[in-house]
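A.B. asks: Before I ask anything, let me first share the structure, which is written out below as structure tokens.
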Amino acid sequence: MANNIIILMCLIFTLFCSGLAVEVGPLQDFCVADSTSMVMPNGLMCKNPMQVEANDFYYGGLNIPSNKTTPTGINMTLVDVDQLPGLNTLGISMARIDYALNGINPPHIHPRATEMLVLIEGSLHVGFVTSNPQSRLISRVIHTGDVFVFPAGLIHFQRNVGNRLAIAILSLNSQNPGLINIRDAEETLPESVKFK
């Protein structure tokens with residue numbers, strides 16, 4: 001009987017200690033990014049909370065398309081911690097993408113984030129490729145008001161298949177999701193490892 005009590009107490013103590021070892025959320029209300037700090041932890045240093053103001057949590061202009069057009073026919077307006085310092089440590093970012101006729105956001109990955117796309121206007125062919133060994137293409141055409149999710153780290157794409165411009169709003173569950181364009185990555189590889 002005493003052995004059972006000791007085992008139970010050890011189990012409770014172990015579970016309690018392991019619960020304390022993991023921090024699942026921020027340690028304070030906010031940590032507005034201090035872009036002047038030269039210290040670079042995993043994220044950005046916090047601004048003095050007494051110097052934080054409403055503009056640290058505000059970004060205006062997502063209703064206006066970006067004036068940068070890529071060769072693939074998209075304009076992207078990114079809203080991450082660089083544009084909105086109040087996002088620091090909150091684990092989110094977003095973007096607006098405007099797709100020209102036949103515009104494509106070519107195959108790419110976000111190594112640190114899942115992406116959720118809300119189509120505001122138009123029609124897009126969207127999809128992603130599952131990991132090995134299946135390497136299945138999961139894709140469909142979506143229309144105004146539809147939502148599609150791209151799991152973190154998987155190759156995915158979007159292409160305007162409508163007869164007008166398309167507009168999407170993306171949300172990502174990281175303040176720094178990362179972006180690796182497959183074509184750009186392939187071009188940086190040595191010739192000896194490229195597919196012929």
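Counting begins at 1 with the first residue displayed.
Keep in mind that glycine also has a Cβ here, set from the backbone N, Cα and C atoms.
In TrEMBL, annotation is done automatically, which means it is predicted and not curated.
Values in this document were obtained by computation on a predicted structure and should not be read as measured data.
Among the features that TrEMBL reports, signal peptide is placed at 1-21. Taken from TrEMBL, the feature disulfide bond applies to CYS31-CYS46. Positions annotated as domain 'Cupin type-1' by TrEMBL: 62-186. Among the features that TrEMBL reports, oxalate binding site is placed at ASN105, HIS110, GLU115. What TrEMBL records for HIS108, HIS110, GLU115, HIS156 is Mn(2+) binding site.
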A.B. asks: Between C-alpha atoms, which of these recorded positions comes nearest to HIS110 (oxalate binding site): CYS31, CYS46, HIS156?
C.D. replies: HIS156
A.B. asks: Tell me the Cβ contacts of CYS46 (disulfide bond) under 8 Å, same chain only and six or more apart in sequence, or just say none.
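C.D. replies: In sequence order, the residues whose Cβ lies under 8 Å from that of CYS46 (disulfide bond) (at least 6 apart) are GLN28, CYS31, VAL32, ALA33, ASP34, ASN88, THR89.
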A.B. asks: Restricting to the domain 'Cupin type-1' (62-186), what is the model's mean pLDDT?
C.D. replies: 94
A.B. asks: Same chain only, sequence gap of 6 or more: which residues have a CB within under 8 Å of the CB of HIS108 (Mn(2+) binding site)?
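C.D. replies: In sequence order, ILE155, HIS156, PHE157, LEU179, ILE180, ASN181, ILE182 meet the Cβ cut-off.
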A.B. asks: Same chain, not part of HIS108, HIS110, GLU115, HIS156: whose C-beta falls within 8 angstroms of the C-beta centre of the Mn(2+) site? Give them in sequence order.
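C.D. replies: Once HIS108, HIS110, GLU115, HIS156 are set aside, the remaining close residues are ILE109, ALA113, PHE128, PHE150, LEU154, ILE155, PRO177, LEU179.
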A.B. asks: What counts of helix, strand and coil residues does DSSP assign across the domain 'Cupin type-1' (62-186)?
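C.D. replies: In the domain 'Cupin type-1' (62-186), the DSSP-based counts are 8 helix, 58 strand, 59 coil.
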A.B. asks: Cβ distance under 8 Å to GLU115 (oxalate binding site), same chain, sequence separation 6 or more: which residues?
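C.D. replies: Once residues fewer than 6 apart are set aside, GLU115 (oxalate binding site) is near VAL149, PHE150, HIS156, LEU170, SER171, LEU172, PRO177.
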A.B. asks: Please list, in sequence order, every residue of the chain apart from ASN105, HIS110, GLU115 whose Cβ lies within 8 Å of the Cβ centroid of the oxalate site.
C.D. replies: HIS108, ILE109, ALA113, LEU117, PHE150, HIS156, LEU170, LEU172, PRO177, LEU179
A.B. asks: So if I measure Cβ to Cβ from ASN105 (oxalate binding site) and keep only same-chain residues at least 6 apart in sequence, which ones fall under 8 Å?
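C.D. replies: Counting only residues 6 or more apart in sequence, the Cβ neighbours of ASN105 (oxalate binding site) under 8 Å are THR72, ILE74, ILE97, TYR99, PHE157, GLN158, ARG159.
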